[in-house]
Each structure stands twice: as C-alpha cells, then as structure tokens.
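K.L.:
Once you've had a glance at the structure underneath, I'll fire off some questions.
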Amino acid sequence: MYIKKIVLKNFKSFNKKVEIPFFKGFTVISGPNGSGKSNIVDAILFCLGLTPSTRYLRADRVGDLIYSGNGKLGEAEVTVIFDNDGEEIKITRKIKRTSKGNYTYNYLNGKSVNLAEIQRLLQNFGIYSDAYNVVMQGDVTRIAEMTPFQRRKIIDDIAGISEFDEKKAKAIEELEAVRENIERINTILIEVSNQLEQLKADREEALRYKSLIEEKELNLKYLKINKFLSLNRRKRMIKRDIENLEMRKDKILKEIIDINSKLNELNTKADEISAEIYRLADESYKTIQNEIIEISSKREGLKSSIEMKKKEIKDIEDEKTKLLVSISKLKEEVSKVEEELQKFSIQKMSVQEVLDDLESKKSLIISKLNLMDSAYSELRDQLLKKKEILDELKERKSSKVNERDRLLEVIRRIGMEIEDIEGEIETLRKESITLNEELKELNKKYKEVEKELEAAIKRRNEADNKIFSIRNQISSLEEEKKNLEVELSKIKAQLSLLESSFSKAVELILEAKSRKAMPGVFGTVSQLCEVDEKFAVALEVSAGNSLQYLVVENEDDAIRCIKYLKQIDGGRATFIPLNKIKKNFGDIKLDRSVLKEKGVIDYAINLIKCEKKFKPVFNFVYRDTLVVEDIDTAKRLMDGRRIVTLDGDIVERAGTISGGSKQKSKGILATKELFEKEKKLEEEITVIESRKAEMLGNLRLVEEERRIHQSNVEEINSRLSELSSKISVAESKLRDNENRIEELKEKLTYKQKERAEIYERMSGVEEEIEKIDEEIRKISGEIEEIEAKMRGSEIPALTRKLEEIKEEIDRNSRAMYSITKNLENSEFKLQQLKDLVLEKEIKIDELDRKIENLKKEIENDSQLYSELGERLITLKEKEKEVGESVKDLRDKRSKLLAEIKKLEKDRDEKRFEVTGIEETIKAKEESLKDIEEQIRELGEIEYDEEEVQNIPRMEHVKRRLEEIELELKKFGDVNLKAIQDYEEVKARKEELMSKKLTLEKERSEILEKIERYEKMKRDTFFETFNAINMHFKEIISKLAEGEGELYLDNADDPFNSGLYMRVRVRDKPIQKIESMSGGEKSLVALSLIFAIQKFKPAPFYAFDEVDMFLDGINVEKVAKLISERSKNAQFIVVSLRKPMLEKADSIVGVTLSKDNSSTVTGIKMKA
Amino acid sequence: VREVEDPLKVPHEENIEETLIRIEAELLKYFRIKDAILFSELVGMKERKEKVTYFLSILHLAYRKIIELRQERIFEEDIEIRLIR
C-alpha cells in the first residue's frame, strides 16, 4: 500500500486545487524555503489525523490551516488517496470557518465518518500517530537532545508496555480496596465482640422475663380458650338471624320482580302511547296541518282565480261590446259603401250609354271618312295609323296611369294598414310595459311575501323545535331526578348502616342533635374528618373505638348528654370536650427524621383532613401513631413506637403486634363525605323539580306562540297564492301581447315589403308613362304634319270631330275607368270592411268561446272550491279529533306514568327494604366477621378436651396474671430482644470472620497478578529493546562507517534506567551521543528512528528536512539508505539538499507563483 | 504559517547564487528568440546532478518572480518556463 495522490484545496499556502501524484519508492519535495513544501507533509498529517494537535502543523487554531489569502473562502480540504494493491482508499478531511467557529469533517471513500474510524483503519495498515512514520526535523533534534531516561521512554512507547502499567495500576487499586475492607472488618469484629459481652447479661434477664411471659401467655391462652368458646356460641346465634333475614329478602325480591315485570308492561304501553302521541302529534298532526295549509292555500288560489276569471270575463265582455260597436260602425260604413257602389254602378251605366252612343257616332264618322277622298286615303291611312298608334299610346298611357293610380291607392291603403298595425303594436307595447312593471311589482311583492312566509314558517318551526326540545328536556330531567333519587336512597341506606354501626347511645345523641335538641354537639370523631381511601383501613384500625367518641364544645355539653342518656337509659358514650382537649393536645411533637426511612408513609395525624379547631381531637386520637407500608417496615422501626400498616396490622408501643387477614374499610371515616353527598343530592333534586316546573310553563308559552305563528303562516300563504294567480294572469296577458306583437310585426314587415314592391312597380309604370308621353309627343308631331298636308278637305273636320268623339270617348272611358276604379275601390273597401267585420265577428266568437271556457273553469273551480271546503272541514274535524285523541292519549299516558311512579316508589321502598335487610345482613356478617376476626385474632389455639377440663377457674387465672404482672413490673426495661440480638450478634461475628478470610485470600491473588504484569512488562520491553538495538547496530555501521549500540545504565532495573547510545564514527574513538557534534548527533538520532521504523514497519514514511544539519557526505549516506529501504516502503522526503534530490526517483518542486501562493511542478529522475 | 525566510540562508553544498546567475543568463538567451521554453529542452540530455541543479534553480528564479512555471498535470507533462516581463 502507498500514497498514490494528494489533493490540496485552499490548504495553508495552496490557494487553488492542486493534485500531486506520488509513486512507490523515493520521492523528494524541494523548493526555496517558505514556498510551502512542508505544507504538503502537514497536509498528510492533518488529513490522516496523525498529530494530536494543530500546533504540530505550525498553526495555532485549525482555522489557520485555511489559505488566508483570499479571506472570503472559509473552507479548506485535503484528500489522500492510497493504492492498496489496486484498491483505492480515499481519505478526505475538510475545515469550515463559520461565524460560530471552525468545524472539521472527515470522509472515507466519500462517506462521512469520524476521525477515530479513519485512525482505526490506518492502524490496520501499521500507520500510528506516535509510530515515527512521519518524522519532522524537530523529532531528530528532540531525540538527539533528550535525556537517556526520556529516550528509554521511546522504547517503552514502541513496546506498548503502558498497557501493563495500566493493568498494574488497576491491580494496585484493587489491592488497596481489599486492604481497606480487611481493616474495616477488623474494627467491626472488635465492636461486635464487645457487644456480645454486653448482651450476655441482658440475655439472662430476658430469659427470666420470658418464662414469666410464657406463664402469662398460658394463662392468657386459658382466657383465650374461654373467649373462643363464648365467641363461637355468639357466632351460631348470628348465623341463625342471617338465615331468617335471607328468607325475608328472597320473598321481597320476588315481589320486586313481579313489580318490575308489571313496570315493563306499563312502560312499553306508555312508550307505545308516546309513540302514538308522537305519531299523531307529530306525524299525522303535521300531515293534517300541512294538508290544511295546502288546501286553504289552494282554496285561496281558487277563490282569487275565480275572481280573476270573472274579471277577465268582464274585460272580455267589454272588449266584445267594443267590437260590437265597431262592427255596427263598420256596418254603417258598409251600407255607405254599398250606397256608393250603387251610385257608381248607376254612373257606370250612364257613362256606358254615353260611350255606346259615342262609339256609334265614331263608327259613323269613320265610315264617312272612308267614303271620302281617296286621295287622302294614304295620308288618312297614315294619319289613322298614327292616330291609332296615338290612341294606342294614349290607351296604354291611360292604362298605365290607371295602374299607377291603382298602385297609389294600394300604397295608400297599405300605408293605412301599416299605420293601424304600428298603432296597435304601440298600444300593445305600452300595455306590455305597464304589464311588465305591474309584473315586476307583483314579483317583487311575491318575493317579499315569500320571505315573510319563510320567516313565519321558520318561526313556527322554531317554536315546534322549542316544544320538542322542552319536552325532551322535561323527560331527561325526570330521568335525572329518578337516578338521583335512587342514589340518594343508597346513601341514606349507607348512612343508616353507619349510624347503626355506632353504639345505641351515640345514635341517640346524633338523633337528638339532628333534632337540634342537643346544642354543642359537633358529631362523632369519624364524622368530623375526611381521609384518603388508601389510608382508611390504617386510620380506622389505629383509632379503634375512639372514632365513636362524640366531640362536644365543652364539659357542660358532655355532662348534659350523659344526663340525657341516663334519663332515657340510652347506654353509655364517650365525649371529647374541645376546650379541655385543646390544652393537652393542642400541639404534639413528632420526630420527623423517621419519615425518611424507607416504607414510612407519614404520621396518622398528618393523613387526616379536618377543620383546624378539631385538630386537637385527632392529636388525642392518633398522637404519634406512624403509618407504614408493610409489616416488615413496622418490624424494623418498632422499638418504642406505635405503628400501623396500610393493611391494618398494628404494633403497640409495648411491643405487641396484632394483624392478619386484610382488613376492609368499614367506611366509618367517610361519614362526613356521605352527609355532604346526601345534602348535595337533595339540593340537586329540588333544583331539578323547580327547573321542570319552569319548563312546563315555558312549554305552554311556546305552544301558544306556535299557534300564532301557524295562523300567521296561513294568512301569508293566502296572500301569496292571490299574488301568484295575479302574476300568472299578467304573465299570460303579457304572453298574448307579445305573441300578438310578433304577429303584427310579421304582418308589418309583410305589408312594408308589399308596399316597397308596389312602389317599385309604380316607378316602373311612371317610367313607362314618360316613354309613352315621349312617343305621343312624337306621333302628335307627325300627325300635325300629316294634318297640315290634309288641310282643305273635310277630312280634317271629320277627323277633328272624330278626334273630339275619341276624346269624348277617351274622357268617358277615363270617367268609366275612374268609376270602375271607384267601384273597384268601393268593392275592395267593402270587402275590407266586410273582412274586418268578419274578423271582428270571428274575434267575438273567439271571445264568446273564451267566456264560455272561463265560465266552465269558474264552474269547475267553484266546484273544486266547495269540495276542498268540505275536505277542509273534515280535516279540521280530524285535527280536532287528533287533538282530542292526543289529549286522551296524554291523559292515559300520565295516568300510566302515575301508576308507574307509584309502582316504582313501591319497588324502591321494597328495594330500600332489601338494601336495609342486606345492610343488616352485612352488618351481621360484619359482626360475624368481627367475631371470626376475634376468633382468628385469638389465633390458633391448640387445645384438647382434656385441657379444657384442666382450665382453672377464671378468677385464679386472673389473679395469677396479676402476680405475674407485678413481678414483671419489677423488671423495668427488659431488653427481650437481647435473646434474639445475642443470637444475631453471634451469627454476625461468625459471618465477619469468614468474610475476613476470603478478603485475605483475594489480597494474595492480587499480589501474584501484579508480579505477573511486572514480568510481562519487562520481557516485552527487552524484546523490543533488543530488536531495535539490532537494527540500530546495522544502520549505524552503514551511516557512521563504524559501529554503535544502545545500552541501559541499569539493565536489572530497566524502568529506572536511561537509554544511552555509544557510536564509533569511522576511525574516531567510541563516543556517547551526548559528546558528539550536531551533525553526528542528528545521524545517530536518525539511525535510532530508522531502527524503530524497521522494528515497526509502515507502508509509507515522510521526513521533513531531517538532513538539515548533516554534512554533505552524511546526507548522501542517509539518501542512499532511504533509497535502499524505499524498495519495500514509500518514502516522501522534504529536503533542500542536492545529494538527497540526486538519489530521488522523482522530485516535487514547490515554489511561489505570481500571487504568492504555492505552485507545484514535478520531474521524474528514473526512467 | 512560518515566516518566509531568505531562501539562501540555509546551508547548501555550493554557492547557489552563481548557479542562478548562470542559468538565468542561459534562459534570457532563449527568451530573446521565443516566449517560452520547456524544461526538457533546457536540460536536454544533461546528467542527473545537472538536471537537479537546473530544477532547483528554476524553482528559485520563479520564487524571485523572474520566471513563471506552468505544468497542468504534474509529472505527466513537461514544465513550460516563461519570462515575467
């Protein structure tokens, strides 16, 4: 493996990316001082992490390694690429200068890693940071100048003996620990022996005391057996009571079951009725309601549509009368036109007669003319031709003129029609505009009313929802009340049970107190506090009977109560006068240190929550009783303390311990809580009742509100339907108008087109007339010429006469034409009028039919109206019926609910009774348990019938017990524990003795271990020393051309001796290094370095100006040595010395470029 | 970074100053006729010792901003030497 390439980016003096290839063998880096050649070796050290700190890289901080020339780039990077038998290993290290500080990043083959991973990898290849494969000039001088002792340390480091030192140090530590343990055990042993001596005397006294105690216990046993037998008797009696109560309970439970089944029946019936009510009230009532609304709105609609139709009939009749009037006018006009026609026909007949006469005269004259002067016949023919042409022209002209006049007349008529149409369109438009405005107004109004209706419906629905939600709230309130009542009955049962657990006297006093007949009584101790459920058992057991003590204001109150009990023979009770107890138990001293002990919870007094003024009461009850987690903690802390465990086991101050099966809290301490709960429940029930009453009131109000909204909805609805029918009428009228306008428009365009065509024809006719006039003028001219030629004969006079007749004919024919024209016009007019009359008559028929239809519609509507009226009546009756049936159903339901309530009450009483029985059974079971508990407390009593017989009489037993007590009193503080303690201490002593033995054995093992490390350390050292010395001798003989060796001044104690070097350079005497010249020193130091490298070979070596102080010859020798060794490992040597460069396989030249940054060139010396 | 010392203070085998003058003169001769010269042209077939002397000298002349050296790919190309005018 060797370094294949180094890439520098902005590192130290290299301001740009520089890639420097390296080769196996011997490479020298050279160049003027200060050009940056050492920076290349620094780059290797930095990248591979081979130096402990940047100071080795001639930089104070890592940030200084960044090329400072171009300030802005705050980043530098060095990559070293190894070639490991063809496999490339790329190691990169980057420095970033940021505002927050300098950060370095390491990459292996591009992957981010930490420096330790890189160092581990390099170590696998024999590259260590302290292994001398990178030698700076300082290292050579340091080795040359260092003391022998320091030099020997080099061998220590190379041999790696520090590992043994560490192991040895650790062993010494262990040794020290064992010694301390042995010493500690010895001191304890002394103490235990003294303790044993002391306990011996106490033990004898304790044994004496113990035998008395045993005798006492025997007698107590007799007491116990006696008690045991009497308890058993009581037990049997209670069992019998429980059996009777169980039977009574079963009987009641059966009754409850019957009630429940009855209740279920009634409840399902009630639900059915509710569903029916809901269905009727909500569904059918609503459907009826909606149908009523629908029908009434329909009827309103019908009514208004009937009225509208009647109005429409009236309008139509008006229109009809108008039409009739116009028909009669038209008929007058027709008769006028007919008269005109008659007049024109008479005129026509008279003109015809005149014409016939004129025709006969004309033919006469023509025959005359024919007979006359043949000379003029040609002229006359010509004249006649011309005159015929003229006449023809005139005829054509007059027909054209007639045509034009006719066209003019048609145009005039069409113009009149167009005017009429435009007029009608205009009126229709105006009417439409007004209709539109009216429609807009109506629509606007319709929308407003619609909104009004929506709002009204919304209000009505809101009212419906309010009704529905109030009804729901009422039923959920009823539900809630029922649950609270059940809970209340339970609490009352619990309280009565608790009260039943008080003695009769206490009950009587409490009962008097509740009647306010006993002032100054606060209540029992248990009623005046609250406790956490977790501590209830411990606090109940440790308080014992005092929980029933009654707390009173002062001693007078107590005396008054006692007198009352005496008076009513109510039994006995204990009273705690608050004023008295305050004096002695106002405050009690508690040793707080014990609270730190493991398993200790607190003093009982601290676990009680009560009013401040009652604190002395609880100080008196609990005093310094300690609550602990379990019996083991109690045992540990029991000397002289009263301790109770969470399970209710109790250790008395005198040392007696009582306990056993897990106790269950009797709930006595929870009475205060229960009273508060009871009071709270009662308050809640009354609140619910008042809320229910308030809701019922609300319900009635909302129902009234709903009725108003409903009628409001109906009124608005009818207004709306009236508006909608007005709108539909206006819309249909508007539609008719628009259709009519469309029709008229089409007619208008048709007429206008027709008029335009006629205009066109007329202008054509006028053009023809002009042409004819032109021709007439021409022909007249020609006629005048011919006439001039024919003057002097009669012919002209006849011709003139003929002319005159012709003109007369002409005039008469024009008159005939105008008459026929007038006739035609009149006929046309008559026809038009007749058409108009016909049209109007048709319209009248149409109107009649419309009237007929409307009448039929009115008839139908009225029939429908009346039918709907009947339907409305039936619906209203149905509504009433439904209302009544809903009311009946509601009454039926409330009867049922009342019955249910009664049954439920009855059931609850029975349940209450059952709970009472259960509670009493429980109480009896409790007392049975107590008895059994007491029996258990008595513990195992082995006795046999015989023993029972031998039991002395209880008086003897009691007297003997008293004697024993007296004797026991003499004893003072007997340390019973002394017997046990004596045994324990004895056992402890034996235990300590055996521990001591094991520790001593351990100590000797450690000592052996230390010796072993010493030996291994020594052997490893000499193995390394000898190997390096061998290499040193070989190398020095080459370099110094003499001999040399390493030696220790005290080989027996190598780690306290120094390492010396003695060398004979050529023919000079043997010298120690200390007495050599600088160059010789460097040479010898270098030899040691080469020897170390040979002992611990690495894949590459870097030397930085190690030849600085050697003379030329020695440089050559070192160069030669390096060249030889570079066959097996890569050597990179920074040097200025020519002999070194001359031996190199390749030279890397480093100098400064124009911008004063380092620049690199390279030449190969070997081919 | 170490202070830049006078490159000549360090002990060399021979007086490098004379060598630098000689080689600079030789270079100037070339630069009269062309702008740049390659290192291989400069050293031609000279002996190993001479090659080392020439290489060290051009490093020092470049350091003194007399000439400028350019070699894009180190070892793989020849070194181009130019006069800094």
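Cβ coordinates come from backbone N, Cα and C, glycine included.
Below are the features listed in TrEMBL for this protein:
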BINDING   A:Pro32, A:Asn33, A:Gly34, A:Ser35, A:Gly36, A:Lys37, A:Ser38, A:Asn39  ATP binding site
COILED    A:161-501  coiled coil
DOMAIN    A:519-638  domain 'SMC hinge'
COILED    A:699-1019  coiled coil
K.L.:
Going by DSSP assignments with H, G and I as helix and E and B as strand, what are the residue counts for the domain 'SMC hinge' (A:519-638)?
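P.N.:
Each residue of the domain 'SMC hinge' (A:519-638) counted once, the result is 69 helix, 23 strand, 28 coil.
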K.L.:
Where's the emptiest Cβ shell within 10 Å among the binding-site residues A:Asn33, A:Ser35, A:Ser38?
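P.N.:
Comparing Cβ neighbours within 10 Å for the binding-site residues A:Asn33, A:Ser35, A:Ser38, A:Asn33 has the fewest.
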K.L.:
Report the same-chain neighbours of A:Gly34 (ATP binding site): residues 6+ apart in sequence with Cβ closer than 8 Å to its Cβ, ordered by sequence.
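P.N.:
Result: A:Leu1152.
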K.L.:
Averaged over the coiled coil (A:699-1019), what pLDDT does the prediction give?
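P.N.:
Mean per-residue confidence for the coiled coil (A:699-1019): 85 out of 100.
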K.L.:
Would you list, in sequence order, the residues of this chain other than A:Pro32, A:Asn33, A:Gly34, A:Ser35, A:Gly36, A:Lys37, A:Ser38, A:Asn39 that have their CB within 8 A of the centroid of the site's CB atoms, where the site is the one recorded for ATP?
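P.N.:
Output for this site, in sequence order: A:Ser13, A:Gly31, A:Val1150, A:Ser1158.
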K.L.:
Excluding near sequence neighbours, so keeping only residues 6 or more apart in the same chain, what lies with its CB under 8 A of A:Lys37 (ATP binding site)?
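P.N.:
A:Lys37 (ATP binding site) has long-range Cβ partners A:Ile29, A:Ser30, A:Gly31, A:Val1134, A:Val1148, A:Val1150.
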K.L.:
Return the residues near A:Asn39 (ATP binding site) by Cβ distance under 8 Å, restricted to its own chain and a separation of at least 6 in sequence.
P.N.:
A:Leu8, A:Phe11, A:Lys12, A:Ser13, A:Phe14, A:Ser1158
K.L.:
Could you say whether, by DSSP, A:Ser35 (ATP binding site) belongs to a helix, a strand or a coil region?
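P.N.:
A:Ser35 (ATP binding site) sits in coil per DSSP, no helix or strand.
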K.L.:
Suppose we draw a 10 Å sphere around the Cβ of A:Gly36 (ATP binding site). How many other Cβ atoms does it contain, all chains included?
P.N.:
28
K.L.:
Including all protein chains shown, what's the count of other C-beta atoms within 10 A of the C-beta of A:Pro32 (ATP binding site)?
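P.N.:
The answer is 26 other Cβ atoms.
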